[in-house]
């Protein structure tokens, strides 16, 4: 019995040691994840002298002047990004829902082949098509305009949107569509009055993902926009802080915080719809 208790005690010690190590690893990972964010927050409230001597931890008093300094330059980029994201996301949702409804509920020759070919485009890394896409839009003469930022969202975005929505539309019982057709509803009316309202959570998820991608995009605006006043927020901050602000990190942090606030507010407000949309699409798929 004593031997059994000794064995049990040793096993319990091993389990305790494993849990302790696991907790330490989790704490370390959380620290590595959250500390840069914390440094950005408190660094944005430091004076230049305060940042030089105490950059690794928060201090008082708070220097609000950093936000006053960067607000004029950041505000313009935020307005540009909101406009590009709104127009691009609207076009993305319209085309995604229409194409998904077509592939899900209508019959035409080579439907599955065309759908497979379209979805296969998701497997191609964007960097492989960067140069051809660059040459295409340059040939269209839309460089240094909002169009060169909006059109790729409308053209490329619906690929994933079609994949996400098709499974949902296919999961709707056929009897509902048959009843609507018997009442004289056209296919477009079924799409507009039935499918769109039912897919609002998924459309919301797709909208959030599109807005986030637009907000975080740096490469495409940098290679297609020369007029600094047309840049979106991520590319604009990169240009401003590398050419004008220099090594003034506290101003950079203040700019990053201002640029992040709209996305944070969007996610807090739309988090419920985002989760519902992802859950709904996964169930139907």
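For all residues, glycine too, the Cβ spot is worked out from N, Cα and C.
Checking TrEMBL for transmembrane segment across the ranges 113-134, 223-244 points to 113-134. Where the transmembrane segment (21-45) meets the stretches 113-134, 146-169, 190-212, 253-270, the count of C-beta pairs under 8 angstroms peaks at 253-270.
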